[in-house]
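**Student:** A single structure is presented below for examination.
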Amino acid sequence: MDWLLSHEDDLEDLQNEQAQPIQDSSANQTIEQPEVNDQASAEGQIVRSIKCEDCGKLFKTQGEVEYHATKSGHGNFSESTEEKKALSDEEKKEQLAKIEAKLKQRRMEREAREKQEALEKEKSRIKSGKELLEAKKKHDEIEMRKLVEQRKREKEEERLARQRVREQIEQDKLARKAKFSGQPPEAPIVESPIQQQQPVIQKSAGSYSEVMLQIRLTNGSSLVQKFGAKEPLSAVRLYVEMNRKDGDGPFNLMTNCPKKIFGPEDYDVPLETLGLGPRAILIVSKS
C-alpha cells in the first residue's frame, strides 16, 4: 500500500479492471515492503526511516526517497527514529478508495479534455465549411454579374443591328426610287454597316482625293463605300464580291449617265481617270 501511495501518479492510465486485483490482494495479503535495516546513529539512536523535511512523509528505502524527490522536487531528507507504521485493513481500504477516487477523477478530466478537443475540432470543421460556402457564394455572384453584363452587351448589339437594318431598308427605298426616276436620291447617302457614317464633302473636279460610290446590286439593294481617287476599279469589284447580298456569280459594272460598261481593260485604271469622282453611281449587272 505504501508503494501505491508513493507511486499514485503513475496510475493515471490504469483501467478499472486493473484496480480490482489490487483491491483483492490488499484484502487477502500484506504488500511486501522493503525495510530499512536498523542501525545505530552516532548518538546511539536506531534509524528506522528516512523523513522528508519538506512534507513530513516517512520512507523505508532509498529507492522510495529517490522516487519521491524526483516526483515532488523535495530535497531535504534526514534519518529518523520514527518507524513507519503498517496500515491496518481499514486504513488500507481507505487509502485504496482514495487512489481509486483519484484515478476516476483523472479519467474524468481526461475524458473532458478529449470531449473539448473534439468539440473544438467540430467547430473548426463547421467554420471551414462556412468559409467554403461563403467563397462559393461570392464566386456565384461574380459569375452572375458577368452574365448580366454579357446580356446587356448582347441587347445593345441587337439594338444596333436593328438600327442598321432600318437604315439599310430606308437606303434601299431611296435607291429604288432613284432607279425608277433616273435621278440620284436626294436623301443623304448612308454607308454600309462595316463603315462609320462620315460627312460627304463635295469637291470640285480635279481636287478630290476620295470617291464616294453608291453600288446598286441586282436585287435592288445598294452598297455605299468610300474609295481613294487613285484606287483602281478592281478594288471596287473586290469590295462588291465580298459584300454583295444578291448572290454569287460573274458580273459587270456600268454607269447610266453616261452609259458605259466597264470591261477588263478598265480594272487597273484609277477611279478618277474613269470619271467616277468625287461621287458616282455604279450598277451591277449579270454578265
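Quick reminder: no glycine exception, Cβ is built from N, Cα and C everywhere.
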**Student:** Given the ranges 1-44, 133-176, which one is assigned the annotation region 'Disordered' in TrEMBL?
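**Tutor:** Per TrEMBL, the stretch marked region 'Disordered' is 1-44.
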**Student:** Kindly report the helix/strand/coil residue split of the domain 'C2H2-type' (50-79) according to DSSP, in that order.
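**Tutor:** Computed counts for the domain 'C2H2-type' (50-79) are 11 helix, 8 strand, 11 coil.
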